[in-house]
């Protein structure tokens, strides 16, 4: 098996104003091109892990490795070149007067030659479907469009890892769907590792693997199907389950046979049709 591209080993971290560990003995790994979702209630440690992965925080104990680099003050900038981060509020990330200026900002800071910069900006905006808005002011965009521009700014830097820190939490359903589809396509085309930090359990269904955090520790880990088959365990720590899982539970409670757990409405309809056809 290939070595993990992202690795946390027995990581501990606590903030200065508290005695309680925000992250306690956490070990996580992710392969190149894998999508890993971290879920948990507020205070579970998931956003602290996002900041640790990008070197915004340093662990009190344990090891964090991205690619060939172990996180330290010496190589923090090597880590940040490999890791792009998209935050909850895209307005906090905008610095340019136009969309293309904003996407170019990070490249300028990295000293990328002008001709290369122009190519990367155009390519990144095309990838997120925002090339026609290149000369627009970011402030005039919708929430979903703003977040796609923020993603383009990260893509232009050609990172190996993208961290989504509650990146869709302020968007309406349409904007959320736009952003998640953009990330899905981007990951397939660029083989980028995606670490999504979220409390949106429908968003978790996009992931290859889910890590459930509770009180700074890993509560459980598995595929989305494996995690949501433990619906009662999720509810016991203050989390819910996606709508599609709730729908199956209600059908079973109403006396309908639904078969094995599925994660999409289309798959559920197919399953119900087959079961009904056999009766």
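Using the three backbone atoms N, Cα and C, a Cβ is placed for every residue, glycine included.
Database features, via Swiss-Prot:
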- 40, 41, 42, 43, 44, 45, 46, 47: ATP binding site (BINDING)
- 6-240: domain 'ABC transporter' (DOMAIN)
Residues within 8 Å of the 40, 41, 42, 43, 44, 45, 46, 47 Cβ centre (excluding the ATP site residues themselves): 48, 213, 214
Sparsest Cβ surroundings (other CB atoms within 10 Å) among the binding-site residues 40, 43, 45: 43
Lowest local Cβ density (other Cβ within 10 Å) among binding-site residues: 42, 44, 47: 42
Entry from the binding-site residues list 41, 46 having the most other CB atoms no farther than 10 A: 46
